[in-house]
Amino acid sequence: MYGFNIGKAENAGLHLDNKKSENNNSSNNELHKVINTINNGFQFKDDDDEDNENNLNNESSSDEENQQQQNNNNNNNKNQFEDDDEDQEEEEYISGDDLNNNGQESDDYEEEEEDDDEDEEEEDEESKKLNYDSFFGANMSHNMDFLNSQNINSQIGLMDPHLHSSQLNFEEPQEEIELPAHACAYCATHELSTVVKCMHPSCGKWFCNGKGKTKSSHIITHLVKSKHKEVALHPESSFGDTTLECFNCGCKNIFLLGFITARTESVVVLLCRDPCASGPSKEVNWDMSSWQPLINGGEKAFCSWLVKTPSQVDSERSRQITIQQILRLEEFWKMDPEATLLDIEAPRSDDEKPASTQLAYKDAYEYREIISPLIELEAKHEKELRESLSQSGISIEWSQGINKRYTATFPFSRSDLEFKVVPGDELKLQFISSTGGVIEWEDTGRVIHIDDENLLSLETKSRCSFDSGPKGSYRMEMVWRSTSSERILSAMKSFAIKEQALSSYLYHALLGHPDIPPAPLDIQLPTNFHLKNLPRLNESQISAVNKVLTAPLSLIQGPPGTGKTVISSFIIHHLVKYVKGNDKVLVCTPSNVAIDQLTGKLHEIGLKVVRLSSKLREEVASPVEHLTLHKQVYKLDQMGDGELGKLRKLKEAFGSLSNEDEKRYIYLRRMMEMAILRKADVICATCVGAGDPRLSQFRFPHILIDESTQASEPECLIPLMMGAKQVILVGDHRQLGPVLLCKKVVDAGLSQSLFERLISLGHHPERLTIQYRMHPSLTEFPSNTSYEGQLVSELSHTDRDSQSKFPWPQPKDPMFFFNCTGSEEISSSGTSFINTTEASICEKIVTKFLELGSLPGQIGIITPYEGQRAYITSHMQKSGKLNLELYKSIEVASVDSFQGREKDYIILSCVRSNDYQGIGFLQDPRRLNVALTRARFGLIILGNAKVLSKDPLWNSLISHFKNKNVLVEGSLANLKQSPVILQKPKKLYGQGKLPIPGQNSNSFNYDREHIDPNIGMNMVYGISNNNINNNSNNINNNNNNNINNNINNNNNQRFNTQDGRYSNSQTSSSSQTYYGSTNSSGNTINSNQNQFFNTPSSYSANTGSSYQYRFQQYQQLQQPQPQQQQQPQQQQQPQQQQQPQQPQQQQPQQQKQYQQQQQQQQQQQQQQQQQQQQQKQQPHQQYQSQKQQQQQQYQQPQQYQQQNQQYHQSQLPPKQYHNQRFNNNNNNNINNNNNNNNNNNNNNNNNNNNNNINNNNSKNQNQNQSPRRSPVVGTLQLHCKFDSQPNNNKHISDPNQPQISNPNMSIPLSQSLSFNDLSQEQFNKSNSRKD
């Protein structure tokens, strides 16, 4: 048993040995009494106090020792830390190709993170309760020997409240026993077979293989967080003092090591994964196919045969350290290797949470006060991460170019770094002497090239002269530059103090002030929508162009393949044509790749464009290098023989100039740069590059930011402070967003882009809806899950028929999900994951494509994990049977790197395959949306269907593939449908609604037309694709019921059902709500008052009751009932509607329930029994028997119509609650609606039907001036009375009519009522309302 006092330094504590009692059997009953006594608050009293005192005196020494141990244990448990909820995982963010050259790619190891927002006081109280229970529960129930080791009578006497405290000796101190040196540095477990030593030179600490309260074992957690990779076992363990290393090559990277068994010998051989275990072996007795990693990727722990897991008892007795404390302890160890848990509990200034971002701000000063600390915190965090990354023991080959600069070429591993190194980055090289470790030489250079074999070329001004030094004596470190943060902070300062930085409207719009109306710009709209080298714009693009050109602030949402680059180029061309004077257009994107692509397109349509690059990227190859500013300066310099050319030649010849010549050279170069910029029509730069001092002399009233959703809001602020008067943001917030490294900054809300915040403020984005990239079958799922079914394909199946002979399971649907069951493993860096099974299948698929004639450039491989990317690249080149150069030409990249790009065929490797650890950031719907929309002709997904299906979104995707018969397994030559049974996903939001990528709780509901592709709706939402208006008309023709008349009157009531879906068999409960609340005589109440409650589009995956059952329920409500029987009906009606699903199966259960109540409720229950039996009939049969009766019943007396009309006119709500279209037409609408109700009751009369149509048309004419309403699935209209105060709503009820049993519900007219916001009980109540 282990007990610890964490208030002591260096894992000090108490080691309590168990002493077996000689009389365990005889003392069991007494032991249970003692435990019960403790649980009852120490109220136990023995009958023989005198004997207990004698026993206490006789066993004084034993009792003192036991009591002291108990006191120390209590003190220890009081200092234990609370075990918070560990379900949250820390999502690691991966950047794209570059984000100001500071992107992160390879640290994608999901480590659990505790909630930082937990209340400290509540945590302390919960911790005390946990510690109390831990001692009296775990310490006594799990280790009974602690009590049995003492005389049980002395224990009873110890608990006697009559004993004097002096006899117990509670305060007598006892010397503490130090823990052994091999105790776990986290939890202090020190069982020899369960601990491992970290062999990093700066560490040397011991850690156990237990998890405690974390998801990874303590040794794995330490290795990952500290980036250490070498371990050794304890000298007294079963395997001795062994440093784990590869038997062949001596590799000590524990994340690469695994084991195999010899066929003829009873031995286990340790081999590294690559290259020893992946290549052929010379040892014939080794079974290379049996290789398994030493670290179980799913469990994140060492194999139990090598390092045992602490027992449950030992785990419960150990220090209960949380992941937050571990992370802080690792940070302290970087500064002080001897730091303890006591040190991390000291308050620190950086523990305070920064202020969260807001939707709107009072002024620019408040904006700056909130955002600036977040920028500084992100910069500090990035600086610490970059400067902590390094690689030692590298070998360098030196060369010298014609520019007199030196180039150092050396291999490096991308997966070993947390950041993606790209050309233009700065690195520092150091030469470490072989004796003493002294730095004898260092220099900083910039990366100029990285090839596919991970050979990096670094250009420096000098080279190391210590050629005699041994190989592997060089060290590489990353260099952090503050340029980005400095420019962002400068832009925020300008936003606050410079009035001329941007227009007044944009100032207030960015702050979220709604009072300033936009003033339309005087720009002539285009008449010709076709430009040279650009395709003709489609309807959605033309509509977006016309609205954007005259607006000072506009948003364009471009889903994948909809032509964002095309429309951006057209808008820029038109702005250049109509800008006044010397004004120029500034075009920005957050990444260099995106801005290069847009620069090339602008050059193709004939614009004078200049690409402004940073100084660090001037020597980096670019597809638009001829358009860059420094290359244009170089060309002009070569064409002439001026002073600048002479100085440049001198600098190239001698490597440097004198101080005077250098100043003159810089001045002449700057003057030429200004001349080129003045002649340009468009200047292109990254968002951070827009803050370049060379642009400070220019003003840019027209600014377009492409891919704006990938930039943080402060990053977009840099170009806007250049005199902006018109801003156009282009992007898609349902794809990947900004990349931030600091979790505190992300939690504070800075990860929300400016594009998203403006949508939340009510700015309506213009969505492009026609895509030109993907095969129609590939468009289906992304359209329905991310874009509400609006994304339609302009291409047909024949347009995307590649004529390939690849064995697709369904040739008409070129896609399939290949079910892989291989386990995931931790990558060589320890910060990522790999899946060797998926990599092997990927190589076979690539080989098949190449054999069938596909080119390497047509194939792209996407994986979310850097470790898998590196392993697939290496595995294809080693295992592929075709030419090596073919595999080298195939691009393997992360999801983030592929955003904005496309390939003919995409292979997606999901990697994650475990039972307990989850799927990490694969569950991000935006990342999945990007991965699924990169392919033009075919898509292949490799993953574990059973594991992935636990996530709701992935479950929908795999179900979609399964419904199309493309969920397969087996060999490529014989693919067959997989029989895998999908897991039941966790229900989201309590409504079964799929998440909308990039949309949060305050997302804006777009007012747009709905384009229904009529595909995939059954799979995604569990509802059919039939239009609600068509179904309503069909139902009205068949049943002629008043509820159908309400649906038939949708033109009168102006229902917006663009997004509506309806099903006769199984639909969601939210889509089956009555389209109008009715009174007992069958008239539509809300049509008299013209109150409309539009609800946002919503779908539900839960199946609900059929229309047939709702129709029966409605008919039951309309049956004439005696007044004395109203009360029983009120009691039973809510029960009847509690479970509308599967109505035909529930009838026998309800019938049994009514039969049991029949004995107690005689005549009243007998009548209800008959009504229940009538519901079993089909709607048309019931209609045939009750048609005449219903027609008479639904006839409303003319007197009541007049009274009702007068009453409604006298009780109209205030003007501010009315829509403008109702102000002048209330009386006409009431008369028309009354005529409609009368005409609909005589459905067989053609004249009345014609009158009804005329009335509909007249009402539509009266409403022609009404604004558009947002699309809804169905409109739930409630008949309510509204006073001047919204809180004083009163429901109107007619005293002459019988009341419905369910309570009435009233809501303000200005509110939107969403079906997804209703609980099941409220939904049932709304269905049965009666006025």
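From the backbone N, Cα and C atoms, a Cβ is placed for every residue, glycine too.
Among the candidates His222, His234, the residue that Swiss-Prot names alongside Cys198, Cys203, His228 for the Zn(2+) 2 site is His222. Swiss-Prot assigns the feature region 'C3H' to residues 184-218, out of the candidate ranges 184-218, 359-393, 394-428, 604-638.
Among Tyr474, Tyr505, Tyr772, Tyr865, only Tyr772 appears in Swiss-Prot as part of the ATP site alongside Gln541, Gly558, Pro559, Pro560, Gly561, Thr562, Gly563, Lys564, Thr565, Gln735, Glu902. When the alpha carbons of Cys203 (Zn(2+) 2 binding site) and Cys184 (Zn(2+) 1 binding site) are compared, the span between them is 13 angstrom.
It is Cys184 that, of the binding-site residues Cys184, Cys198, Cys272, Cys276, has its Cβ surrounded by the most other Cβ atoms within 10 Å. Taking CA atoms as the reference points, Cys187 (Zn(2+) 1 binding site) and Cys198 (Zn(2+) 2 binding site) are 15 Å apart. Taking Cys184, Cys246, Cys249, Cys272, Cys276 as the binding-site residues under consideration, the smallest Cα distance to His222 (Zn(2+) 2 binding site) is found for Cys184. Residues 83, 86, 89, 109, 111-112, 181-187, 189-191, 243, 252, 254-255, 295, 299-302, 304, 307-310, 314-315, 318, 320-323, 326-327, 330, 333, 337, 826, 829-831, 916-917 of the same chain, all 6+ positions outside the region 'CC/SHH/C' (198-228), place their C-beta atoms under 8 angstroms from a C-beta of that stretch.
For the region 'CC/SHH/C' (198-228), the number of residues in each DSSP class (helix H, G, I; strand E, B; coil) is 9 helix, 4 strand, 18 coil. The distance from the Cα of His218 (Zn(2+) 1 binding site) to the Cα of Cys198 (Zn(2+) 2 binding site) comes to 11 Å. On its own chain, Cys208 (Zn(2+) 1 binding site) has Cys184, Tyr186, Cys187, Thr189, Glu191, Thr194, Val195, Val196, Ser217, His218, Ile219, Pro310, Ser318 as residues at least 6 apart in sequence with a Cβ closer than 8 Å to its own Cβ. The binding-site residues under consideration are Cys187, Cys246, Cys249. Their Cβ neighbour counts within 10 Å are lowest for Cys249.
For the binding-site residues His218, His228, the greatest number of Cβ atoms within 10 Å around a candidate Cβ is found at His218. Here the CA atom of Cys246 (Zn(2+) 3 binding site) lies 17 Å from the CA atom of Cys198 (Zn(2+) 2 binding site). Between the alpha carbons (Cα) of Cys272 (Zn(2+) 3 binding site) and His228 (Zn(2+) 2 binding site) lies a span of roughly 17 Å.
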